[in-house]
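These notes concern the structure reproduced below.
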Amino acid sequence: MTRFLFRSVVPTEMNTPRVAAVLIASVTIITSVIVLPLYFCVVRLFLKKTRFTKHSAYFIMANVGIIDCLFLLATVQASVMTLAENDFIPLLREACSAIHGAYEWVLHFLALVLAINRLFIILNIKFNSMEALFKILTISVWISVLVILFFFHKYRMGLVYNYNDSAFTLEVDSYIHSVEADLVYRVYFISDLSAVVISFVCYIIVIAAVLIQKCQFRSDIKIESHEIRIFTQGLVTFLPGAIYWSLTMIAQFKFSTASMGVNILFSILPRLVPVLNLLGYLALNTYVRESILALVLKVLRRKRSSVRTISLGSGKPTSASRRSSAT
């Protein structure tokens, strides 16, 4: 097995030019500063508003949002380290590396739980405590990634940030070949692959079921429109990560001969996944979009009001005061 089997790794055979590394890091920081507050608000809506809390699908989406936000914070940390050419606090660098190692696993298995949730709802498979079951499965994903990180740390299989003359890039730790380590990797790889494939199959079945019911059984079986919207949001959440995963699966053995542009592209792609997930939520959920817009307008009005107050309190004479002083 080679280091390239870990698809999140940015290869170091062809180092990114310093100018490109600085540009990517700067854009990453600016984008994250804009996206993170909005994403936090979306996650809060999914976890707090009654219209969302009564659907376990939104609880799963909120957890997707949490791992997306953690991933964005990790990319900001990596970008700051790249700009400063310094890792500052080694513990933060290790935490940042761990988040990158956990991101793909958590994202894919949450997508799987969400796909199964939609499959059950659309096919009208219901039973007692179904909502509780999906919440337990969601929490189990977080527990499972802790187990994965433990074994990655034990066998030095995890991802670590190292400086390579132009930027901090992810590399596989000093992997120690052993029967146990190979077994851990096989379990990891097969599980991750299975999660993506099963999720895809679930969504295909759901799409087929929706089309069949709409074309042939419209009078007998009615699918609620809000369930279709939730399904669409789930599908949009699944697609960015799955497409990136598929592209890297195809390209993982080609990096050493790939052009500089391809290498840079594959360093940018994973950073776009959380952004695309957020855009999907905003585009497909009217209430979320209107709530975020109202919040942004409120913040802008408050900022304008504070600037106005500072201006009035600065002691500069207004036109009215100048007229009164002249008289």
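Any Cβ shown, glycine's included, is placed from N, Cα and C.
Annotations in TrEMBL come from automatic prediction, not curation.
Per TrEMBL, these features apply:
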- 20-47: transmembrane segment (TRANSMEM)
- 59-82: transmembrane segment (TRANSMEM)
- 102-120: transmembrane segment (TRANSMEM)
- 132-152: transmembrane segment (TRANSMEM)
- 193-213: transmembrane segment (TRANSMEM)
- 234-255: transmembrane segment (TRANSMEM)
Review point. Counting only residues 6+ away from its ends, which parts of the chain sit with a Cβ under 8 Å from the transmembrane segment (20-47)?
Key: 53, 58-59, 61-62, 65-66, 68-69, 72-73, 75-76, 78-80, 82-83, 166-167, 264, 267-268, 271, 274-275, 278, 281-282, 287-288, 291-292, 295
Revision key, fill the gap. Maximum Cβ pairs under 8 Å to the transmembrane segment (193-213) among 59-82, 102-120, 132-152 is reached by 102-120
